[in-house]
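First up is the structure itself, then whatever we jot down about it.
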Amino acid sequence: MYMSTDEVRNAFLKFFESKGHQIVDSSSLVPHNDPTLLFTNAGMNQFKDCFLGAEKRAYTRATTAQRCVRAGGKHNDLENVGFTARHHTFFEMLGNFSFGDYFKEDAIAFAWEFLTETLKLPKDRLLVTVYETDDEAFDIWNQKVGVPADRIIRIGDKKGGKQYESDNFWTMGDTGPCGPCTEIFYDHGEHIWGGRPGTPEEDGDRFIEIWNNVFMQFNRHADGTMEPLPKPSVDTGMGIERISAIMQGVHSNYEIDVFQKLIKATAEIVGCEDLSNQSLRVIADHIRSCSFLIADGVMPSNEGRGYVLRRIIRRAVRHGNKLGAQGVFFHKLVGVLAEVMGSAADELKKQQAVVEKVLRIEEENFGRTLERGMVILNEALDALEGKELDGETVFKLYDTYGFPADLTNDVARERDFTIDEAGFEKAMEEQRQRAREAGQFGTDYNAKIKVDAQSEFCGYTSTQERSDVVALFVEGEETATLSAGDKAIVILQETPFYAESGGQCGDSGVLKTESGLFQVEDTQKLGNAIAHHGVLVEGVLAKGDQVTAIVDAERRAAISLNHSATHLLHAALRQVLGEHVAQKGSLVKAENLRFDFSHLEAVTAAELKEVERLVNAQIRRNHTIETNIMDIESAKQKGAMALFGEKYDDEVRVLSMGDFSTELCGGIHASNTGDIGLFKITSEGGIAAGIRRIEAVTGEAALEAIDAQARKFEEKLQDAANKAKSLEKEIQQLKDKLASQASANLIDQVKEIAGVKVLVAKLDGADNKALRGMVDELKNQMGSGIIMLGNVADDKVGLIAGVTQDLTSKVKAGELVNMVAQQVGGKGGGRPDMAQAGGTDSSALPSALASVDAWIAERL
C-alpha cells in the first residue's frame with residue numbers, strides 16, 4: 001500500500017507510542033555538550049547519557065524522528081550525494097529506544113510487527129543479519145519470530161580488521177555506547193543487480209538495509225576497552241527515505257514524494273527539463289541539510305560546522321550554475337521544503353525568512369566569484385597533461401575564489417580528473433603557519449612603526465603614574481624630541497593608560513612634564529608596547545624625560561561602567577535567546593556600548609524587554625565584580641566565556657559578577673554592578689547574515705534615553721490620533737461620494753417586471769452603511785420600485801433590499817432579502833420597506849441575485 005513520507009513518519013511514531021514509548025521531539029542538528037560530534041548523525045545522540053547511565057528521564061522507552069546530517073568528520077557522505085540512490089547529507093532517522101527496559105526479544109518483535117502488519121511488507125521480501133556470535137538474536141528471529149534460518153545471515157568481523165570491526169557491531173564513534181546489532185534488509189527483486197549481505201555482490205542495490213537494531217551493551221573508551229553498560233539498552237534506526245521508497249513502489253530515495261517535489265521545483269526555477277539530471281538531485285538534497293542546519297543555529301563561516309555548511313551551499317550553487325540558473329535560486333526552495341517536510345518542518349517554518357536570507361546572501365557572495373573561478377579551473381584542467389590537478393591550483397581556487405576542495409573535486413571528477421589532496425593539505429598547512437606567525441605580534445596601529453620597547457600596564461588600580469619616555473614617533477619615524485604642535489606617538493616604560501583591546505576603546509588624558517603637556521587622544525597596542533597617540537600642546541618632550549601620566553578618570557569610569565554592562569548583556573542574551581548566542585564583536589566607549597552576537601533572527605520587543613529586565617536586576621543586586629588570575633584550563637573549568645577574536649595567555653583574568661556572568665577579560669571594570677546605575681537598549685538590528693547588533697547606554701545616559709523615548713511616544717501618539725480623525729472624516733466623505741455616484745450609475749440598470757421598476761445589482765467595495773444609503777437614494781430616484789443589492793467584503797456577503805411603500809403589500813423587503821440570504825449560507829430580515837442580511841458563501845452570490853427576478857414576478 002502507498003504511504004507518503006509524512007504518513008510513514010506518523011505511523012511509526014504512533015505505533016511505538018502504542019507500545020508504551022514516549023514520543024520525543026527531534027533534537028538539534030548541533031549536538032548538545034558533545035564535542036566528539038560535528039553534527040547529530042543518529043537518533044541515539046540525544047540519549048547518549050541515558051545509555052551511559054549518567055542521565056535519568058521520566059520514561060524508559062522513547063521514539064523519535066530525528067533529523068540527521070552526515071557531512072564532514074567520520075560520517076561524511078558529501079562526495080557521493082547525487083551520484084548514488086541512497087547517499088544524503090540530510091536524512092531522517094526513525095528510531096525506538098529502550099533505556100534498561102526491554103531488550104532483544106521485544107525490539108525484534110516490535111520491528112517485525114511494524115514492518116509486516118502496520119506497513120504490510122511481504123515477509124518473503126525481508127531478510128536479516130546478526131553479529132556472528134550473537135546466538136541469542138539468531139534464535140529470537142528463527143524460533144520466536146519464525147524467520148527461516150536461510151534468511152538469517154551471520155556477519156563477522158571484517159577481514160584484517162580489529163575485533164568488533166563489523167557491519168553488525170555498531171559504534172557511535174571512536175568512543176561511546178556500542179554493541180552487536182541485527183539489521184533488516186528489503187529485497188527489491190531479481191531485476192536489480194546485487195547479492196545478499198556478506199557476499200561479494202552485497203554493494204549492489206537489490207538488498208537494501210532498512211532497519212538497524214543495536215543492542216547497547218558496552219561503553220567504548222578511547223583506549224578501545226569495552227565497559228558493560230549499567231543496563232542493556234536498545235537503539236534502533238530506520239532511514240525514513242529508504243522505507244518511504246519501498247512504500248511508494250520506487251527504488252531510489254530520490255524518487256520518493258519529498259525529493260520529487262523538490263526536484264521538480266528546482267527544475268522549474270533553473271529551467272531544466274531533464275528531471276533525471278544528477279545536479280537536480282544534489283540541489284534537492286542540499287537544500288534540506290542547509291535549511292535545517294541554519295534553522296538550528298549554524299551559520300556559514302570559514303571554520304567548523306559553519307564551514308561544512310558553506311561547502312554544501314557552494315556545492316549546490318555550483319550545480320545550479322551548471323544547470324544554467326540565472327541569478328540566485330537556492331533560497332527559493334526553502335518554502336517548498338517547509339511544505340513537503342510536513343510535521344518535521346514546524347521549526348523550519350518559524351525560521352523560514354531567516355533561512356532564506358542567509359542562503360540568499362551566501363549565494364550572492366559566492367556567485368560573484370563562481371564564474372571566474374570556474375574559468376580558471378576549466379583552463380587548468382584543459383592544460384593538464386596527466387589526470388591529476390596539482391594541490392597548489394586547488395589551494396588557489398580555495399584561497400582566492402572560495403572553492404572548497406570537494407567542490408573542485410566534483411568538477412574534476414565530472415571531467416574524469418582527480419585532485420592532489422595531499423598537495424592541497426600541504427598548502428593549507430603553510431597558510432596556517434603563516435597566520436600563526438603573524439598572530440604573534442600585536443596590532444600595528446601604524447604599519448610603518450617598528451618598536452622594540454615593551455610597556456608595562458599598571459592601570460587596573462591607578463589612573464596616574466610617573467614614568468619614563470622610551471620612544472617617540474612622528475609620521476611613522478622615530479625621533480628624539482617633540483616640539484609644540486607635533487602629532488606624535490609616545491611610548492612609556494610604565495603606563496596607567498589602557499590600550500584598546502577586547503572591544504574596550506583606549507584611554508585618553510595627558511602626559512605632563514615640567515616644561516610640556518602632551519594631550520593623549522587615544523591609546524593602542526603597538527607590538528609589545530603601549531602607544532599614546534596625541535599632540536604636544538605646549539613645551540617640548542624628549543626621549544628619556546620623566547612624565548606624569550594622567551588618565552581622564554571621568555571618561556575611564558564611564559567606559560568601565562559600559563564594559564561591565566556588556567558582560568551582563570552577554571549573559572542575559574544567552575539566557576533569553578539561547579546558548580547559541582556568541583559574541584562576534586564589541587565596542588565599549590564612554591558614551592555607549594555596542595555588542596555584536598550570533599543569532600538567526602531579529603530580537604523581538606518582548607525579548608529585548610526581558611534582556612533589559614535581567615541586566616537591571618543584576619545591577620540592583622549590586623554584585624561585587626571579582627577578578628581572579630588563573631591558568632586558562634582552570635578558567636575553562638569554571639565556565640568562563642572567552643571573547644570573540646581575543647588571544648589569551650596561559651594565565652588569564654577571570655571576571656565574575658555573582659553567579660550570573662563569568663568571562664575571561666583583560667579590560668577595566670566597575671567595582672560593583674550597582675555602580676552601573678541603569679541599563680537601556682537603544683537599538684537592535686542585523687549587520688550580516690546571522691549577526692545582530694545591540695547598542696545600549698548606562699547611568700545618566702540611560703535616563704536621558706528613557707525620557708527621550710517617552711517624549712517621542714507622546715508625539716507619535718498625538719500625531720496618530722490627529723491622523724486617525726482626519727482619515728475617518730475623509731473615508732466617510734469618500735464613501736458618501738462613491739455611494740452617490742454608484743446610485744446614479746445603477747439607475748441605468750433598472751428594468752421593468754409586470755410594469756414595476758426592479759433593480760438587482762452586485763457592488764464590490766461598498767460596506768453595509770453605504771448600501772443602505774444607496775437604497776434610500778435609489779428609492780427617491782425611482783419613485784416606485786424594488787431594489788436588491790449585494791456586496792462581498794472580507795469574503796463575507798452583505799445584502800440590502802428596499803421596497804417603496806406602494807409595493808409592500810405585494811413584495812416585502814424582509815422576505816426578499818431572506819430568500820437571497822438562504823442561498824449564500826445566511827439569513828436576515830427587517831421591515832417591509834427595508835431589510836438586510838449576511839452570508840458566508842460569496843461564490844453563490846451571482847446565482848442568488850439571478851433568482852430575484854423570477855421571485856418578484858411570482859408576486860406581482
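Glycine too: its Cβ is placed from the backbone N, Cα and C atoms.
Swiss-Prot has this to say about the protein:
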BINDING   His563, His567, Cys665, His669  Zn(2+) binding site
REGION    824-843  region 'Disordered'
Within-chain partners of the region 'Disordered' (824-843) [C-beta distance under 8 Å, separation at least 6 from its ends]: 768, 771-772, 775, 792, 795-805, 808, 812-814, 816-818
Counts by DSSP class (helix H/G/I, strand E/B, coil) across the region 'Disordered' (824-843): 2 helix, 10 strand, 8 coil
Candidate with sparsest Cβ neighbourhood (10 Å radius) among His563, His567, the listed binding-site residues: His563
Which same-chain residues, if any, lie at least 6 apart from His669 (Zn(2+) binding site) yet have Cβ under 8 Å of it: Ser560, His563, Ser564, His567, Ile625, Thr627, Leu655
Additional residues around Zn(2+), ordered along the sequence, whose Cβ is within 8 Å of the centroid of His563, His567, Cys665, His669: Gln504, Ser560, Ser564, Thr566, Ile625, Leu655, Glu663, Gly667, Ile668
For Cys665 (Zn(2+) binding site), the number of other Cβ atoms found within 10 Å of its own Cβ: 27
